[in-house]
Amino acid sequence: MIIFNLSSYNPGPFILVGIPGLEQFHVWIGIPFCIIYIVAVVGNCILLYLIVVEHSLHEPMFFFLSMLAMTDLILSTAGVPKALSIFWLGAREITFPGCLTQMFFLHYNFVLDSAILMAMAFDHYVAICSPLRYTTILTPKTIIKSAMGISFRSFCIILPDVFLLTCLPFCRTRIIPHTYCEHIGVAQLACADISINFWYGFCVPIMTVISDVILIAVSYAHILCAVFGLPSQDACQKALGTCGSHVCVILMFYTPAFFSILAHRFGHNVSRTFHIMFANLYIVIPPALNPMVYGVKTKQIRDKVILLFSKGTG
């Protein structure tokens, strides 16, 4: 049944359809989503625990890594539990405030993730290009200011999205063909001009993320120049190994993100079912893989994980 809203600026609940075209498979689709979500939660919680309790991990790089783990937890938790309730319980309704809250945390943590990866790139740049000045440049005070700065920047970028939606009148169907609320998807249900919503909601966050990518690329260009200028091959391999996990996480974050964004904007031949499925995988797979990547590629974390589980079985 099509649900219409006649209350203009005070809309009733929205209906989240799930994954269009695959409704009959929702119960089965929920199983791998649940497993991957549990892996993401457990992996990031272990990572946070190790960074907090192990004094040897109280370094700038691991501080930013703990921020990444926290944002990954929030990102996946903002979307996956509601998706599972749709898949398994048929709980499709979401209130307008609940929709805005979910949208804010999903978009906020996406932009914050990008900023954290940029900060981690700068950390690697200082560690490799100016190792003797590392502790004087990245002081605890500087790290805290950087963390607060990127968090506040992300907040300021995403908060207008919420405000713009609250200014729209809704007098059309309130059915959203998705498993979670996202800015443009909700704005398209309004019976008013959404040009501002489109240009701000699409262009500003994307330009912000692109600027982060450019700064990351510049940092790694300097890093590569410094690495290939090292006198010994062992030192070169060690320096590249230090950056390996970060590069893997960068590729896992930005590659599907830009693919999803471009497919949504220009991929008119991409089916809605594929796009929604891909968007759901994006909020759960990178958060699940990031702890594994750092656990495998970062010796300090790998050793602490082995020690933790050896104590548990001993």
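Heads up, the Cβ atoms here are built off N, Cα and C, so glycines get one too.
Taken straight from Swiss-Prot:
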- C99-C181: disulfide bond (DISULFID)
- N5: N-linked glycosylation site (CARBOHYD)
- N269: N-linked glycosylation site (CARBOHYD)
- 1-32: topological domain 'Extracellular' (TOPO_DOM)
- 54-59: topological domain 'Cytoplasmic' (TOPO_DOM)
- 81-101: topological domain 'Extracellular' (TOPO_DOM)
- 123-149: topological domain 'Cytoplasmic' (TOPO_DOM)
- 171-197: topological domain 'Extracellular' (TOPO_DOM)
- 219-242: topological domain 'Cytoplasmic' (TOPO_DOM)
- 264-275: topological domain 'Extracellular' (TOPO_DOM)
- 297-314: topological domain 'Cytoplasmic' (TOPO_DOM)
- 33-53: transmembrane segment (TRANSMEM)
- 60-80: transmembrane segment (TRANSMEM)
- 102-122: transmembrane segment (TRANSMEM)
- 150-170: transmembrane segment (TRANSMEM)
- 198-218: transmembrane segment (TRANSMEM)
- 243-263: transmembrane segment (TRANSMEM)
- 276-296: transmembrane segment (TRANSMEM)
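Here the topological domain 'Extracellular' (264-275) returns a mean pLDDT of 75 for the predicted model. Only pairs six or more apart in sequence are counted, and the transmembrane segment (60-80) with the transmembrane segment (276-296) gives three or more Cβ pairs under 8 Å, enough to call it a contact. A contact links the transmembrane segment (33-53) to the transmembrane segment (276-296), because at least 3 Cβ pairs that are 6 or more residues apart lie under 8 A. C181 (disulfide bond) falls outside any helix or strand according to DSSP and counts as coil.
Under DSSP, residues within the topological domain 'Cytoplasmic' (297-314) fall into helix, strand and coil as 16 helix, 0 strand, 2 coil. Nonlocal intrachain contacts for the transmembrane segment (276-296), taken as residues 6+ away from its ends with a CB within less than 8 angstroms of a stretch CB, comprise 19-20, 22, 33, 36-37, 39-40, 43-44, 46-47, 65, 68-69, 72-73, 75-76, 78-80, 83, 106, 177-180, 182, 245, 248-249, 252-253, 256-257, 259-260, 263, 302, 305.
When the disulfide-bonded residues C99, C181 are scored by other C-beta atoms within 10 Å, C181 scores highest. Residue counts for the topological domain 'Extracellular' (81-101) under DSSP (helix as H, G, I; strand as E, B; rest coil) come to 15 helix, 2 strand, 4 coil. Residues 2-6, 8, 11-20, 78-79, 82-83, 86, 94, 99-100, 102-103, 106-107, 161, 164-165, 264, 272, 276, 279-280, 283 of the same chain lie 6 or more positions beyond the ends of the topological domain 'Extracellular' (171-197) yet place their CB under 8 Å from a CB of it. In the three-state DSSP classification, N269 (N-linked glycosylation site) falls within coil. Per DSSP, the topological domain 'Cytoplasmic' (54-59) is made up of 3 helix, 0 strand, 3 coil. N269 (N-linked glycosylation site) is 28 Å away from C99 (disulfide bond) when you measure Cα to Cα.
Taking a C-beta cut-off of under 8 Å and a sequence gap of six or more, N269 (N-linked glycosylation site) has no contacts in its own chain. Beyond the ends of the topological domain 'Cytoplasmic' (54-59), by six or more residues, the same chain brings 300-301, 304 to within a C-beta distance below 8 angstroms of the stretch.
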